[in-house]
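Below: one structure, written as structure tokens.
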């Protein structure tokens, strides 16, 4: 028995880059694909919103001396490349019911995102990979991940982070004493200025009550465990009372957990 029937997985470009940090890492790609397959085999319907930061980021426009909208267009096309690569790896591992849908038309390699068709594909057991965010500039793929989850009637967003196992009260890479939150409300995340995702994504999730799970994609089986109802990382929802199984306690810091 699973807790969730349908989820949207937010997959960053950095997760695809793995140890390479830029471009692609074959081991990271295979790990991601196998984790997705495991969730599908548990009976959960899966849509994936793919980022493109391993190839290009729209906020690099000043560095390249180009217009921000043009830079965001390049970033959106980067998500198409990552989506095709992920589809290719899933296919190589035996998955055959896959679709790549794009918010910006790229008809030679993918089909356009049409909400009702995406819902139909999910109901028929397809894994739907969503590229180009929502087709608009000045956004990362965080906001579109929540938007697509709402449009597709998903039960939750699973935000896969590379090497970060949840939301901390400060940057654990800088502060060894940073403490991991088990649960936070949307308003707590916004008021504390916690930047694990864009605030616009938190606001949209709050306004429509979409649960968010922030977890480390490097932890094998974490996505499947979350869908089964087990706790991994940090859950962000309306209030602690609505997620009593998690509470809003602060867990041990990385230094304490390894002591």
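Glycine too: its Cβ is placed from the backbone N, Cα and C atoms.
Just one of 67, 72, 155 is listed by Swiss-Prot for the same UMP site as 52, 134, 135, 136, 137, 138, 139, 140, 141, and that one is 72.
Between the candidate binding-site residues, 138, 168, the densest Cβ environment within 10 Å is the one around 168. Our reading of the UMP binding annotation (52, 72, 134, 135, 136, 137, 138, 139, 140, 141) yields a largest Cα to Cα distance of 14 angstrom. Close to residue 10 (ATP binding site) in the fold, though at least 6 residues off in sequence, lie 49, 51, 141, 142, 145, 157, 158, 159, 160, 197, each with a CB less than 8 Å from its CB.
Cβ proximity to the UMP site centre (mean Cβ of 52, 72, 134, 135, 136, 137, 138, 139, 140, 141, cutoff 8 Å) flags the following additional same-chain residues: 58, 75, 76, 132, 133, 143, 144. Cα spacing between residue 136 (UMP binding site) and residue 11 (ATP binding site): 18 Å, rounded to the nearest whole number. Nearest Cα neighbour of residue 53 (ATP binding site) among the listed binding-site residues (134, 138, 140): 140.
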